[in-house]
Amino acid sequence: MDEQRSKGLSAALSQIDKQFGKGAVMRLGDHNAIKDIEVYSTGSLGLDLALGVGGLPRGRVVEIYGPESSGKTTLTLHAIASCQAAGGTAAFIDAEHALDPGYAHKLGVDLENLLISQPDTGEQALEIADMLVRSGAVDLIVIDSVAALTPKAEIEGEMGDSHVGLQARLMSQALRNLTANISRSNTLVIFINQIRMKIGVMYGSPETTTGGNALKFYASVRLDIRRIGAIKKSDEVVGNDTRVKVVKNKVAPPFREAEFAIYYGEGISRLSELVDLGVKFDIVEKSGAWYSYQGHRIGQGKDNARQYLKVHPELAANIEQRIRAAAAGHPLAFAEEVESPQRSAS
């Protein structure tokens, strides 16, 4: 690019940043994302790296959507545990009335200090969220889920009455008020959303999310989470392989992907990720079914390697440190799409 065009582009980018905020336009290969952003870990090392800033950014709206039982709530519970571990206060607005306290505790959530609300209507849920945000004392709020935010008029109406666009209007109005307060209070607000099918779509994906288009626009980060395979131990299914795609990201380049294992009753397996990412970055050697680190065998099969790292946390910490260093030098390492077949845990 010649000097005159380069100056013109720089001036345009500067004006865009001034008018729409820093990060409105970014170079896809730029791994030096916006600095000084406070984040909370997702519980997945690979996803934290794929997000470009090390986790879910504070002071932003995040949407996590996917099919049923794909790991949406698990991801948010890990984020809550991360927030509480850092000394923060978290709230869970359970519009679905389906939170499992026992499972949350297993994932590291401090139940005694977790604020929880089970609202009756969508208006009540979003008003509670707004009041918590405006208090400035809550660091993370999870709303589970957008589909369950039923407008008051629909609840009070007759079964079969038409309520076209009510929920979309509710979300649009609420987000207009929420976003400014979220930015001022530096609160991370996560909306969990479900997938619906559009009727009569001939070309392109028929999938859409509930609640209209407002959340798509206001969200700084949108994560598409999918179950891609079962993890088996002998003949028993003990968990799922999961893929998350960053479909929108206003704090770092988007379209990156991460894959990790979710074990039933345990949540995201960070140790399995260390094995997978270690192999990906040539930090852990794999020969046949055996995994080795610095010439020493750590297990035959991924599950045995995972158990070895569980017993040797200092080794796991060393591998994680090397993975982070390697990922910093490969900004597009998580941009690849890799088909992952069903695998066995042993």
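From the backbone N, Cα and C atoms, a Cβ is placed for every residue, glycine too.
Listed in Swiss-Prot for this protein:
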type    : residues                                               : note
BINDING : GLY66, PRO67, GLU68, SER69, SER70, GLY71, LYS72, THR73 : ATP binding site
Legend entry - Assigned element (helix, strand, coil) containing THR73 (ATP binding site), judged by DSSP: helix
Legend entry - Env. residues of ATP site, Cβ within 8 Å of mean position of GLY66, PRO67, GLU68, SER69, SER70, GLY71, LYS72, THR73 Cβ: ILE225, ARG227
Inset, instruction - For PRO67 (ATP binding site), write down the residues of its own chain that are at least 6 apart in sequence and whose Cβ falls under 8 Å from its Cβ; none is a fine answer. - result: ILE195, ARG226, ARG227
Inset, instruction - Give the sequence-ordered list of residues that share a chain with SER70 (ATP binding site), lie 6 or more positions from it, and have CB atoms under 8 Å from its CB. - result: ILE225, ARG226, ARG227, THR242
Legend entry - Spatial neighbours, same chain, of SER69 (ATP binding site) - Cβ under 8 Å, 6+ residues apart: ARG227
